[in-house]
Amino acid sequence: MDLKTVLSLPRYPGEFLHPVVYACTAVMLLCLLASFVTYIVHQSAIRISRKGRHTLLNFCFHAALTFTVFAGGINRTKYPILCQAVGIVLHYSTLSTMLWIGVTARNIYKQVTKKAPLCLDTDQPPYPRQPLLRFYLVSGGVPFIICGVTAATNIRNYGTEDEDTAYCWMAWEPSLGAFYGPAAIITLVTCVYFLGTYVQLRRHPGRRYELRTQPEEQRRLATPEGGRGIRPGTPPAHDAPGASVLQNEHSFQAQLRAAAFTLFLFTATWAFGALAVSQGHFLDMVFSCLYGAFCVTLGLFVLIHHCAKREDVWQCWWACCPPRKDAHPALDANGAALGRAACLHSPGLGQPRGFAHPPGPCKMTNLQAAQGHASCLSPATPCCAKMHCEPLTADEAHVHLQEEGAFGHDPHLHGCLQGRTKPPYFSRHPAEEPEYAYHIPSSLDGSPRSSRTDSPPSSLDGPAGTHTLACCTQGDPFPMVTQPEGSDGSPALYSCPTQPGREAALGPGHLEMLRRTQSLPFGGPSQNGLPKGKLLEGLPFGTDGTGNIRTGPWKNETTV
């Protein structure tokens, strides 16, 4: 054994690659797998076109196949048949991945340059649904033909070129025409699509989102009450396109940047991986680290752009998580936990805040309040509950609100919390106030009650012909004690605050009733749950000699 053989270093990569290659490849595979599974499981809930979903799924699959075979078999030179198979798979998957990126660029360009349909009132869609087989024939068939011709010409074109080659790939001369030439053409055509899309977006700044054409029947159903509940001259709620008509949540500019950056990351990762297994002992470590950095960047970019930056994907992810148990369950009037959790229901995205029943009076009995059908009494946070309304009867206590016009629609929830020391008063102009009838609810035996389950605060705000009742609970400094018969205490009062800039938009029919709580300057609470002393003297509404409560402009009385 001569000195040269003793001092010579083993040829790289040897039996194993640098550890950073395996670690970073595993991270990228996890990111691609998460994106792939998300778009497979929740394909009906994610707003993306059919072409975009297929191109993304195929890109994730072929990119994962490319780097998995690279990390696991690029240095298996001791097994000739396995080495040839690794070279064939790398050849096919690399060209297929680049072609799927090119198909993505082509689809973006077609969407940007697509003209608006001439007729929207026909039952047939203006653009027929085209099959996706052509994309699979191009992105999967072309690489298959190239690999088949190369292998049929000479199977030894794959594998190790000679004994000194330490990686499984292709011979140099066949690779020029079978791989590097087609890869360069694909990259050039893809860049031309990118440039054309960029020019079109600069010339037409208004083309920002990919919209989905809706049939006439769906457009009529999307209009509130078939187009009858909209006031004439009412401006649209917002200028941006609605979520129901978006074909893709990302804009064209975001899709263009993502496709271009994906092509750059994939090309750079592949190049650094090839240099990591073909260079000397020191450069292999440098290029292995560069390969790992770009590999992780590619996986994280795909996961962040296509999943983490999309609201619909986040909704799908949260829907898969088990719901948390309420740490503070709602209690009824007797202190028992309520079995019904439907009171914590909140309106979903795009749903009107109201009930689909004809306009009519709404009533709430004490029995329903005690059973938990009327309000939510969560001691932690206020909640907004939906209550079913029934026709008004003459022998039951109720809260009757009669309006002359239609309610204005407000898609946002009202703020429920108000200050204790500054209770809101009626500030609506008398000329704008419709006629309201407020009746103090009574118990089942006819005696008035002061519990907050008897007369919950409510807020009415919804489209025409609908009512929305939201209970807004606050910390009550008074104990929940039923008022005995013959007591001279008065039940709690409610007020209607107004918010600047909202009264004109909501219309005269808007009424928001909140519980009025005050400090106790005249003494502590009595046994009936109300403060002692002459606290009622400072209230805007007093009582007459017969014990009736006068409620200001309503002039309705309830005899105790």
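Note: Cβ is positioned from N, Cα and C throughout, glycine not excepted.
Swiss-Prot marks one residue of ASN75, ASN556 as N-linked glycosylation site, namely ASN75. According to the topological domains annotated in Swiss-Prot, ARG53 and LYS309 fall on the same side of the membrane. Counting same-chain residues at least six beyond the ends of the transmembrane segment (258-278), those with a Cβ under 8 angstroms from any Cβ of the stretch are 12-13, 17-18, 21, 59, 63, 66-67, 70, 74-75, 94, 97-98, 101, 104-105, 108, 166-167, 169, 187, 190, 194, 250, 284, 287-288, 290-291, 294-295, 297-298, 301-302, 305-306. Within the same chain, residues 52, 55-56, 58-59, 62-63, 65-66, 69-70, 73-74, 76, 135, 138-140, 142-144, 146-147, 150-151, 158-159, 168-170, 178-179, 182-183, 186-187, 189-190, 193-194, 197, 259, 262-263, 266-267, 270 sit at least 6 positions outside the transmembrane segment (85-105) and bring their C-beta atoms closer than 8 Å to a C-beta of that stretch.
Residue counts for the topological domain 'Extracellular' (279-284) under DSSP (helix as H, G, I; strand as E, B; rest coil) come to 2 helix, 0 strand, 4 coil.
Contact between the transmembrane segment (20-40) and the transmembrane segment (285-305) is supported: at least 3 Cβ pairs lie under 8 Å, counting only residues 6 or more apart in sequence. Ranked by Cβ pairs under 8 Å to the transmembrane segment (285-305), the stretches 54-74, 135-155, 176-196 are led by 54-74. The local packing around ASN75 (N-linked glycosylation site), expressed as other Cβ atoms within 10 Å of its Cβ over all shown chains, amounts to 21. Listed by sequence, the residues of this chain that lie at least six past the ends of the topological domain 'Extracellular' (156-175) yet keep a Cβ under 8 A from its Cβ atoms are 11-14, 73-77, 80, 82-88, 90-91, 150, 274, 277-278. Mean pLDDT of the predicted structure over the topological domain 'Cytoplasmic' (106-134): 70.
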